[in-house]
Amino acid sequence: MQDLNAVQSLAVWAVLVISLLGIGYAFFIRSQILAQDTGTPKMREVWGFIKTGANAYLSQQFRTISILIVILTFVLAASVFIIPPTTEAVERFGSKEAATIWVAIGRAVAFLMGSLFSYAVGFVGMNVAVEGNVRVAAAARKGYNPALQVAYKSGSVTGMLTVGLGLLGGTLIFMVFGIAAPDALLGFGFGGSLIALFMRVGGGIYTKAADVGADLVGKVEAGIPEDDPRNAAVIADLVGDNVGDCAGMAADVFESFEVTLVSALILGLVLGDAVVGTIGDGAYDLRFIIFPLVLRAIGVVASVIGNLFVTTDERKRNAMAAMNRGFYIAAGLAIAASAAATPVFMVNEATGEVDWRPFFATLSGVVLAIVLDKLTEYFTSTHFSPVKETSKASQTGSATNILSGLALGMESSVWAILVISASIFTSVLIYAGEPAATQFTAILYGVSLTGIGMLLLTGNTISMDSFGPISDNANGIGEMAGLDKNARNVMDDLDAVGNTTKAVTKGIAIGSAVIAAVALYGSYFTDVNKVLQQMINEGRQGIELLASINVAAPPVFIGLLIGGAVPFLFSALTIRAVSRAAAQIVNEVRRQFRIPGLMEGKVQPDYARAVQISTTAAQKELISLGLIAVMVPIIVGFTLGVEALGGFLAGIILTGQLMAVFQANAGGAWDNAKKYIEEGNFGGKHSEPHKAAVVGDTVGDPLKDTAGPALNPMIKVINLVALIIAPIVVTIEPGSPGVIIAMIICGAALVWAIWQSKRESEALKEIAQAPASAD
């Protein structure tokens with residue numbers, strides 16, 4: 001770790017130790033969870049079905065994507081011969097030959113590490129959630145606080161593993177590569193983002209195919225309660241909560257956590273180079289890199305302390321207040337510690353002045369997370385007028401319910417983008433006094449710190465999100481196992497709170513994805529200009545640095561239009577996948593309802609068939625949607641040029657954010673409008689307004705849990721691909737034969753991916769046509 005002073009070196013080692021302690025704390029909590037009671041034999045039987053289905057899904061998913069991960073690992077290692085090491089890498093390792101070897105190894109290992117860490121977060125998080133749900137149901141028989149403790153601690157395992165592994169990866173790469181860290185960090189971010197995309201898409205399709213199928217036949221047609229054991233899709237629905245809301249969400253936020261760190265380190269290095277001497281002179285001010293690492297470590301410690309305050313008593317029975325208390329205590333500690341760290345790590349050694357601007361940029365991120373939290377709650381909670389209006393609209397049928405939800409979702413996306421824009425503008429104001437030569441980079445560095453501040457309490461955020469599916473599963477197990485009324489009341493209350501926490505954390509996940517994408521967008525400019533500057537230094541004529549992108553230029557405008565269209569294509573394909581699989585589930589549940597004795601409870605449904613349908617449908621889409629995310633920026637960049645690729649990224653960020661918020665909040669509002677009616681309003685359960693609300697909820701399910709969340713990792717994957725290929729796009733001749741041939745191949749792969757995603761699965765046909773074991 002060259003060029004670090006004694007305090008900075010000590011800080012980096014402390015950050016490494018804290019990341020390991022965070023991981024250790026996660027496994028300590030896991031051991032506490034596993035020591036809890038698993039309940040009655042009937043509870044363990046239902047739990048066994050869920051556990052088998054969840055593990056089978058993730059195992060099959062790993063087999064599906066592992067081949068692609070291995071191929072991309074070798075591609076990134078070989079990319080060093082196309083994208084040569086940076087001047088920083090040559091300086092760090094002493095020669096171009098040594099740098100080539102180290103960068104090849106670094107890109108491949110970092111990509112593999114990012115992939116494995118992201119998968120580990122999803123797999124372990126889901127595994128602990130599955131282990132926790134039956135124990136929450138068992139604890140509910142003892143009281144409210146015991147059940148709350150088990151549910152929240154089960155989610156805390158995922159939260160602490162997310163922050164521990166994310167911080168560990170970034171710190172290790174910096175310790176090994178130093179000023180050459182960006183050469184490897186992009187691989188780390190790309191690996192995590194790609195796995196998050198697979199987890200989000202696969203988990204979202206799985207969970208909503210089962211959920212939509214179970215609701216349409218069970219609630220609407222047969223009129224039986226949710227989680228009724230006679231419904232053949234009920235186990236697939238419960239499994240889906242784990243693979244979608246636990247594994248998928250954990251990998252998604254892990255990706256944002258590491259990508260904001262990656263962008264902060266890349267921009268911090270550029271800024272640290274610019275403020276000392278001249279750019280490229282080998283002198284760096286590394287405080288801009290150390291500070292983000294220290295902030296992340298502070299967040300880990302604050303999350304651990306905050307978790308200790310999540311408790312309530314049998315008299316108050318307020319889980320939401322307990323979790324909010326833990327979050328706000330952690331936030332207060334994190335802000336205070338960040339302020340205390342600023343005079344230590346952000347001192348200009350030349351002047352002795354403390355630079356408080358990074359702290360204020362970080363603080364704006366914490367504020368942004370809280371504001372988005374409240375904004376999402378306003379548009380999706382039963383306590384506020386938007387959801388009540390959607391419930392009221394159900395009195396005149398499902399059409400007015402759906403129209404009300406659509407309007408609500410559209411309006412909410414406007415307010416969300418205004419809030420995010422305000423946070424970005426805050427960074428502009430904070431760095432308004434920065435010299436013109438470094439102002440652009442400094443502003444974007446501030447945006448990356450806003451993202452770090454927003455995810456400073458990732459441990460608490462993930463804990464609250466995972467609390468939702470864990471309590472939902474526990475409630476389902478309690479329903480199917482026939483637990484007593486007191487235990488059911490406890491689980492009903494925790495389930496209702498869990499629905500709120502899931503909706504709120506979705507808003508934070510979307511906001512963090514956009515902030516991360518904007519920071520990566522800034523990294524795109526700095527990377528392009530580094531290559532252009534190197535070409536100028538080599539004496540190339542007619543080359544200018546990329547100061548801005550001219551939207552009036554036809555190629556840029558075309559790129560902007562294509563970028564704006566991609567989120568719609570992605571959403572269309574994921575929703576269609578849910579629709580196809582849900583149709584198969586509907587047919588299967590209808591068929592099993594006709595089995596003699598099943599509706600009377602004398603015959604057990606064949607749960608495995610619905611699980612198999614959902615699993616097969618989810619795996620079918622993974623590679624094709626992954627190819628779309630990787631191929632489109634490559635085609636745009638090499639066909640239209642580097643400025644057009646910048647316009648393309650701007651279009652992706654804008655419409656991706658609007659679509660993600662619209663779909664998440666509209667779906668959340670439809671869900672809670674149904675629950676508001678089920679509480680006894682506008683006729684209550686089994687009334688005509690309730691049936692209309694169930695239809696609205698069913699329409700909203702794939703929006704809020706599949707298409708909307710899948711846009712988060714898609715935006716970041718596309719931005720990272722653009723960052724990786726930017727040095728080639730700048731230097732290569734667009735019309736050369738090699739480029740034309742490569743674009744034809746990429747275009748063919750893209751067409752195949754879209755066709756593959758749209759066609760009906762032969763495997764699903766075979767499952768539907770196969771004889772059933774329960775007949």
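Going from the start of the chain as shown, residues are counted 1 onward.
The backbone N, Cα and C atoms fix where each Cβ goes, glycine too.
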Co-listed Ca(2+)-binding residue [Swiss-Prot; alongside Asp697, Asp701] among Asp606, Asp671: Asp671
Of 65-85, 160-180, 555-575, 710-730, whichever stretch has the most CB pairs under 8 A to the transmembrane segment (622-642): 710-730
Highest-contact recorded stretch vs the transmembrane segment (65-85), from 185-205, 359-379, 442-462, 555-575, CB pairs under 8 Å: 185-205
Candidate ranges 185-205, 442-462, 710-730 - greatest C-beta contact count to the transmembrane segment (288-308) (under 8 angstroms): 442-462
Alpha-carbon spacing, Lys502 (site 'Determinant of potassium independence') to Asp245 (site 'Important for ion transport'), which is rounded to whole Å: 8
Long-range neighbours of the transmembrane segment (710-730), counting only residues six or more past its ends (CB under 8 A): 79, 82-83, 186, 189-190, 193-194, 196-197, 200-201, 204, 251-252, 255-256, 259, 509-510, 513-514, 516-517, 520-521, 523-524, 527-528, 531-532, 535, 566-567, 570-571, 574, 625, 629-630, 632-634, 637-638, 641-642, 645, 648-649, 652-653, 656-657, 659-660, 663
Cβ-Cβ under 8 Å with the transmembrane segment (259-279): same-chain residues at least 6 beyond its ends: 88, 166-167, 170, 174, 179, 181-182, 185-186, 188-189, 192-193, 285-289, 291-293, 296, 437-438, 441-442, 444-445, 448-449, 451-452, 454-455, 512, 515-516, 519-520, 522-523, 526-527, 530, 533, 716, 720
Candidates Arg200, Lys208, Asp215, Asp252, Asp697, Asp701, namely the recorded positions, that fall within 10 Å of Asp241 (Mg(2+) 2 binding site) by Cα distance: Lys208
Asp671 (Ca(2+) binding site) in three-state DSSP notation: helix
